[in-house]
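J.: This is the structure, below, for whatever I ask next.
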Amino acid sequence: MTSLRQRKGSRGKEATPAAEVQSQESNCDWSWGAIIWTSIGWSVSVGLGLLCSIYVATLHENDLWFSNIKEVEREISFRTECGLYYSYYKQMLQATSIQEGLSELIRDNLTESKRTINLLQRMNIYQEVFLSVLYRLLPLQAYLEPVYFYIYTVFSLQAVYVIALYLTAWLLAGSWLAGLLTGVWYILNRVDTTRVEFTISLRENWSLPFFALQVTAVTCYLRPQLSKVMVWLMYVTTCCFCLTWQFNQFILLVQALIVYILDISLAHTWLCVSAQVTTLYLVQVSGLLSVWLLQFCNSMILGSLVLSFIVAALFIRHCQSALKTGGLLVRLAKVLLHSILVLLLAFIINSLTKKALQLRSDEHIFKFIKSKFALGPTRDFDASLYLCEEAFGLLPLDTVERLAGTLLLYPYVPTVLLLSGMLAVAVLHNLRYVMLSGKRGQVETFRPDVAYNLLHSVLYGLLAFSTMRMKYIWTGHMCAVAAYGVCGTDLWTLLLKALRCNTKVLVHTSLSCPSLFWPKLMEELSELREFYDPDTVELMTWISTKTPKQAVFAGSMQLLAGIKLCTGRVLTNHPHYEDKDLRERTRQVYQVYARRSPEEVYDILRAVGADYVVLENSICYERRHRRGCRLRDLLDLANGHIMDGPGENEPDLVPASHPRFCEAIKTDATAYTGLFTRTFQNKTFYVYRLKKKRKKSGKASSEPGVKQ
């Protein structure tokens, strides 16, 4: 859609051995030197956060020359779904009052033609509402444009993200030097840790900083200090995370699995308190239910798999109270049976809940997962849209090469392997020791906070390798784990003593390495480019000036999001895909790129209320994807038609009886001109207005222009 050109010019917890060690460490006297050293650590965290925020803001400015381009160009730079989300911020500011703006969002009839929907229920746009209200109330209008207030807020959240990772590493290693190393690695690996500079409004850019804060709170909660405060912080950050991203339930499901593993593998060996596990579950549940209320009882949250899993885990744990008794083999067998029962009950609860709520909003996600692992049909249009996008494919090997190039991968891998081995040995040793002696004082200790972060890194790492888009959850935390591996004296003391090394030497070496990448960062910051997309600017200008304000536009999801933002026109479909009826409508509208007759396409577009349809050459003649993944190929497969171009076709596919609509309509054959009028065209876009319904003619399908 856009291109770039070079610019010219707790109390009540059962004491554990690990907790006793931590409490001894925390009881050390606070000397003036310690206070100064800690103050320096906090100052460094804030400085690193601000540095990262300024860094991505500078990259965004240098990439687009954002301060010098026109308003329509700024809005076009909010690509795909980002433009849709930002349009609601703009809509709230244009409303005559906050109350009217909220009313328009709750009863919206512009986002989906012929439908009135509650946007606060359907979409995660509370952040846009909050910012628009804040901008109205604060005396900023004379000093800061609305768009800058928006993007600077998002960039500021990157500072929060870095500070959260910094604190996590500090808590794990016991030294803020680990936090410093974490922040430096996060910035050096910016390509793989964030994409905020070119996808500002993307939901993950809002939610991941809060998720990182929640992980910091969990890490602190699994230590013996400030437990009650941490419970409230975990709840607040969980609410903010869930409120700002529609995929929250899947991320929290992985976290619930981590808590479950902590429970079954650690709690019965006195390495993690059972009450803490229950609290972590309840924090997740309360956070999700709070968001459910804020989103006007969104049924997708009640039908989420994570809620079903937590209910099943708590119920089975209550029923199987004898899980922590018996010999080693007996306990392992009980754990296996326990896990099978939890998973089985979770799926039963989830199926019954969805059936009772008649919930089908997230079924495309499960279709995608089934198709991805060859467990379901691969011709499903919705699943194929995801499978054919690079962001939802496997993690590319060049990501691993980049992480190794910044020296992040080298300490991370041995740290994870060493911690995994130590955890496994500790669990097995304690199972066997407790079984033989029944005593508690000599168990092998393993810190619960370290165990949580280890499992967090491993499970989200597996998620990242399976789906590239999820790597941004993993790579940031990866920096904290690697920094703990370098600076955590409790981890390396035994190994370094055996090798007769000094931890200070290792830390100094690791902190001096980032200076090698300083020239590369400076070179990146010196690259000046400019936003350049004249065809899209021309289209948006034409729509704004030459079409009625209530005109309804059909087209691709990505383009329509931009039309909504730049022109305020009514849409037939949009990129927020978490609704079954919208997915079906999108598939129907996309028939303009399939082999369908003009009458069929006309009837489809009229059924969704379209007045205009925008055709894009980049889709009609797409070459970006391989054969079988082009949008026209997905439509052909879904319609049972043979695909374009050389290559094999499945035997049950048949030739289409009509030419491809987006190509044939440009021939101006009578069958097409009788139904559509070309009103705009340039090198990239063709816009056609739908004529009023006319009587069917038997000659329409026999015109020469529609022969295949």
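Using N, Cα and C of the backbone, Cβ positions are placed for all residues, glycine too.
What TrEMBL shows for this protein is this:
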type	residues	note
COMPBIAS	1-10	compositional bias 'Basic residues'
REGION	1-22	region 'Disordered'
TRANSMEM	34-57	transmembrane segment
TRANSMEM	129-151	transmembrane segment
TRANSMEM	163-188	transmembrane segment
TRANSMEM	232-262	transmembrane segment
TRANSMEM	299-316	transmembrane segment
TRANSMEM	328-349	transmembrane segment
TRANSMEM	409-429	transmembrane segment
TRANSMEM	450-468	transmembrane segment
TRANSMEM	474-496	transmembrane segment
J.: Using Cβ atoms and a strict cutoff of less than 8 Å, what residues sit near the transmembrane segment (129-151) while being 6 or more residues removed from its termini?
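T.: Long-range Cβ neighbours of the transmembrane segment (129-151): 57, 60, 66, 74, 86, 88-90, 92-93, 98, 101-102, 105, 120, 200-201.
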J.: Hey, which of 232-262, 299-316, 328-349, 409-429 has the most Cβ-Cβ pairs under 8 Å against the transmembrane segment (450-468)?
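T.: If we count Cβ pairs closer than 8 Å to the transmembrane segment (450-468), 232-262 scores highest.
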J.: Can you tell me which parts of the same chain pack against the transmembrane segment (34-57), counting only residues 6+ beyond its ends and a CB-CB cutoff under 8 A?
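T.: Sequence-distant neighbours of the transmembrane segment (34-57): 28, 151-152, 155-156, 158-163, 166-167, 170, 176, 179-180, 183-184, 186-187, 190, 194, 196-197, 521, 525.
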